[in-house]
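A short write-up of the structure that comes next.
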């Protein structure tokens, strides 16, 4: 009897060469397919990771290439047309300046018009107040650290439009620029006025929101051109520098100042505020959100971290869903502690490198502009650099030095994002505690009212009623008072 060979493997078993005993050796086809699928899966993960971080990788490559190009051209000697060499970088700066006006006006008008106190209620008002306080504290901390640590060293360059040949600051160049602070104030007041119009202002509010969305599309296009501009900006900066080593030292001190400020604000200031308002240990709460904090560092986007942050604060820290899903999206939009701190440090750093003094009025302008502009900063990678250009214009600092900030922004921006999402989570936890205390206070009057509704008639004696050795018999007239007691003993 001849048995037909199997047409297909059964349960993933395949026949290999016969063994020494003459029987077939069985192997599993699933292992080979699993290995192949595992390799494909790993390659897919690598491709997705590269695609997600492509802009960051291109920026790092552009910085390294720009440093090499600048050092190579400088070592080769000869005459270089600096204006032509730096043209791609100058184009990036012009694009950033072009986007400042619509970015400020549309984002702040739309943001101010969407904040309806009657719709937000008391909880939303407390959230906005908490986010505003933390942003102001972060801005003040950034300015204070930069003024104390002095990360920027005044240098002389081959081309410096802010300082003349005698070394005296050129005041005529210093006062150039648009009135950013005035635009910020006008945009906020105009947004509130549109909200007061009610239904008549909805059409214009939708217009500014759509205008802001279109501006964000332009921002994304500009950021994809940024690596090319950064390459030539860094190279031209190195060609202008007389002491390249001092440039790297200053950038290292700038990074250290930003990271130190983020650590102080994230590990001391925010936990201290949480403890003051809740009287609870803030560090177990902080431990419960370590996963979204690590995700924020990896993605450099507070908006991308939002779903994971909602999950962790609800499951690990006991925040109600209706609170987390109301507060965290607001925080991802208006709470930018890390961005405000880094922008203040960067503004003071650029002023110090150009030898421009900062008086009290300019410091206040930096604080106000950083706080207001960080509210409208996009929750995307390198969104804070765009608003940094607004601050530099507000205090008449050279926008061309933003190339130094862009060169190291791939690292600093990740630390900013971690601080931003941490502030959002602490705000949600603080408001959860506020809601719990409010419910507890509202429940006390109800208990008092229930007690007052109890009838005031005297209760009958419970000792005799509960005595199993006595029986009660009513009198002939059925009067409850003329009852006889008889012992059952």
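A Cβ is built for glycine as well, from the same backbone N, Cα and C atoms used for every other residue.
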Worksheet entry | transmembrane segment range according to TrEMBL, out of 8-30, 31-53, 284-306 | 284-306
Practice prompt. Among 326-351, 404-429, indicate the range for which TrEMBL gives the feature transmembrane segment.
Written response: 326-351
Discussion item. Let me check one thing: do the transmembrane segment (215-239) and the transmembrane segment (54-75) come into contact, meaning three or more Cβ pairs under 8 Å with sequence separation of at least 6?
Written reply: yes
Response to the item:
Sequence-distant contacts of the transmembrane segment (127-149), meaning Cβ under 8 Å and at least 6 residues beyond its ends, amount to 115, 120, 253, 256-258, 260-261, 264-265, 269-270, 273, 327, 330-331, 334-338, 340-345, 348-349, 352, 358, 363, 366-367, 370-371, 374-375, 419, 423, 427, 430-431
Worksheet entry | Folded-back contacts onto the transmembrane segment (251-277), same chain, C-beta under 8 angstroms, at least six residues removed | 130, 133-134, 137-138, 141-142, 145-146, 149-152, 283, 285-286, 337-338, 341-342, 345-346, 349, 404, 407-408, 411-412, 415-416, 418-419, 422-423, 426, 429-430, 433-434
